[in-house]
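Taken verbatim from TrEMBL:
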type	residues	note
SIGNAL	1-29	signal peptide
DOMAIN	52-169	domain 'DOMON'
DOMAIN	181-377	domain 'Cytochrome b561'
BINDING	H217, H253, H286, H322	heme b binding site
TRANSMEM	218-236	transmembrane segment
TRANSMEM	248-269	transmembrane segment
TRANSMEM	289-306	transmembrane segment
TRANSMEM	318-338	transmembrane segment
TRANSMEM	353-377	transmembrane segment
Amino acid sequence: MSISMMKFLNQTLCLSLVLCISMTTMSFAQTCSKYKFSSNNVFASCNDLPFLDSFLHYTYDSSTGTLHIAYRHTKLTTGKWVAWAVNPTSTGMVGAQAIVAYPQSDGTVRVYTSPIRSYQTSLQEGDLSFNVSGLSATYENNEMVILASLSLAQDLGNGGTINTVWQDGSMSGNSPLPHPTSGNNVRSVSTLNVVSGVSAAAGGAGGSSKLRKGNIHGILNGVSWGIMMPVGAIIARYLRVAKSANPAWFYIHVFCQASAYIIGVAGWATGLKLGGDSPGIQYSTHRSIGIALFSLATIQVFAMFLRPKPEHKHRLYWNIYHHSIGYTLIILGVVNVFKGLEILSPKKQWKNAYTGIIVALAIVAVLLEAFTWYVVIKRRKLEESAKSAPHGASNGSRSQYA
């Protein structure tokens, strides 16, 4: 019986890890080349931008160093602003030379230039570091189109490559509010070579450095705090009911939780690095829970060296402490994984997969809890019968790992 239980728990863990890491789907982007402008504008090239339902059409005149662009933002709801920018100095938001547009209550569209000097910008109107001409914008059928010509002769580098940023956010009256600081709103950066037409996510073709670190951070913490910790607790809670699994359950439990702690610390350190690389972007609740997880888990690890023997008078209090901290870690870990999923905003299948894993582990725990009580009650009845029977009383030895 104990062997089958161990196999079942191992299969559950393996299935959970496979689902968590492998479940994703392909997405198909709208092709910008099929779009026709109502103003009969024609551009030499276009790119389907990977985030925020946006597209960039452009023509570069190498003789004058002028970049003619049309930035389109589709699926735009009422009360939103959009912006497209060139950043001559870096790949991020600060230093970006932006063109901002939003529909007004009278049906017209306001479009203007705004240099971004800090993360606390309110998108105030101002001159850019290069000349902008032919600036206009239209808003029809939930689509904003910005047209402009940029004189970039002095700002092109690396053989014609520029850093681009695009954004959207909500309005308060006629004042733009800060854009969201999670999900696709922190991914909408890229590089564009206006000569060759090659476009790539800022930081390389494999995606931005921050995005890769965010994904690594999410996977490490999801697997450690979000899956391995609950599985380790299930092993300790239910596998030891089988006497033949003693002391194997204890070593499996320690291995699982120690591995979860090591992986979790790596994920926590990655999160600290991400925070240091993202000034102006803070996720206070997620960060606070992460610090609490690391602190409590570290205390739990060192407390193992102070664990009294089963017959010690203080062992009961240590067990209460150990179980309380352990279950608190599990709850905080699961909550913080969902917080992290909200921040990263991956494809919906990732959140559904993790939710399915947690639900499956909960169902397994409920079933094993019922089975454990059944075994314990039955065992006690047999022991009582054995005690009451003549010449039949025998006490089982208690595990030193209980």
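Keep in mind that glycine also has a Cβ here, set from the backbone N, Cα and C atoms.
Of the binding-site residues H217, H253, H286, H322, H217 has the largest number of other Cβ atoms within 10 Å of its own Cβ. Long-range contacts of the transmembrane segment (248-269) within its own chain (CB-CB distance under 8 A, at least 6 residues past either end) are made by residues 6, 216-221, 223-225, 228-229, 231-232, 235-236, 239-240, 242, 290, 293-294, 297-298, 301, 304, 333, 401.
Long-range neighbours of the transmembrane segment (289-306) within the same chain, counting only residues 6 or more positions beyond its ends whose Cβ lies under 8 Å from a Cβ of the stretch, are 221, 225, 254, 258, 261, 264-265, 268, 271, 318, 321-322, 325-326, 328-329, 332-333, 335-336, 339. For the domain 'DOMON' (52-169), residue counts in helix, strand and coil come to 0 helix, 66 strand, 52 coil, using DSSP. Across the annotated binding residues for heme b (H217, H253, H286, H322), the two most widely spaced Cα atoms sit 27 Å apart.
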